[in-house]
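Trainee: The active site, charge relay system feature in Swiss-Prot is assigned to Ser47, His104, Asp129; the stated evidence is similarity to another entry. What Swiss-Prot lists as N-linked glycosylation site is Asn114, and the listing cites sequence analysis. Among the features that Swiss-Prot reports, region 'C-terminal short (CTS) helix' is placed at 173-184, with the record citing similarity to another entry. What Swiss-Prot records for 1-8 is topological domain 'Cytoplasmic', and it gives sequence analysis as the kind of evidence. Sequence annotations record features per position, and here Swiss-Prot assigns topological domain 'Lumenal' to 26-189 based on sequence analysis. Marked as transmembrane segment by Swiss-Prot: 9-25.
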Amino acid sequence: MQKLSFRQGLAQILNLLLVLSSAYMGYKTLSFVTDCESPVVVVLSESMEPSFQRGDLLFLDNRNPSFDEAKVPSVFEKIIYGSPVGIGDIVVYSLPDRPIPIVHRVVKLYESENQTHLITKGDNNKIDDVAMFPKSINYLDRENHILGVVRGYFPYLGMITIWLTDYPILKYIMLGGLGLLTLIQKEEQ
């Protein structure tokens, strides 16, 4: 087994920092472009089956344009500027007393004084979400509660994060495997 020189060790650390900072910058760029604090979320429950399964990775967009009512926006405008939330859209929202975001479909929509108010429901649930809301909230407010609108998904890719959360030993096995891989890779060079 060959010992790494100081320069080789430093180069490895800098390469690792470059990869991590690039991933972080990519995520932050995606956050900026989609106007979402968290543009990627994982479905954690079965409440949206059959539309989404537990472990699906969802991609969100939170751009809320105001189109001229007389003009129907083109497909291009909807892609570039986003589109308003409508009945049937799947949104991700958070409530003040719940740290984990909820993924549900919009079933009722109210417009008042230039604000959009929503009522949501999981596809696999029998009743809407009003019962989950704190007493001070009667509906979801687009500006204060909605984190984003689902624009795409990747099936089951989020199961990795669920497994790492449910079984913490997997984190240590994965980190140990990565460390071992690094040692083996250096031995071969």
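Keep in mind that glycine also has a Cβ here, set from the backbone N, Cα and C atoms.
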Trainee: Can you tell which of the recorded positions (Ser47, His104, Asn114, Asp129) has the fewest other C-beta atoms within 10 angstroms of its C-beta?
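Mentor: Among the recorded positions Ser47, His104, Asn114, Asp129, the lowest count of other Cβ atoms within 10 Å belongs to Asn114.
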Trainee: Please count the residues of the region 'C-terminal short (CTS) helix' (173-184) that DSSP assigns to helix (H, G, I), strand (E, B) and coil.
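Mentor: In the region 'C-terminal short (CTS) helix' (173-184), the DSSP-based counts are 12 helix, 0 strand, 0 coil.
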Trainee: For the topological domain 'Lumenal' (26-189), what's the mean pLDDT in this predicted model?
Mentor: 83
Trainee: Out of Ser47, His104, Asn114, point to the one nearest Asp129 (active site, charge relay system) in space (Cα versus Cα); all of them are recorded positions in the record.
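Mentor: Sorting the recorded positions by distance from Asp129 (active site, charge relay system), the top entry is His104.
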Trainee: Cα of His104 (active site, charge relay system) to Cα of Ser47 (active site, charge relay system): how many Å, rounded?
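Mentor: Taking the Cα atoms only, His104 (active site, charge relay system) lies 8 Å from Ser47 (active site, charge relay system).
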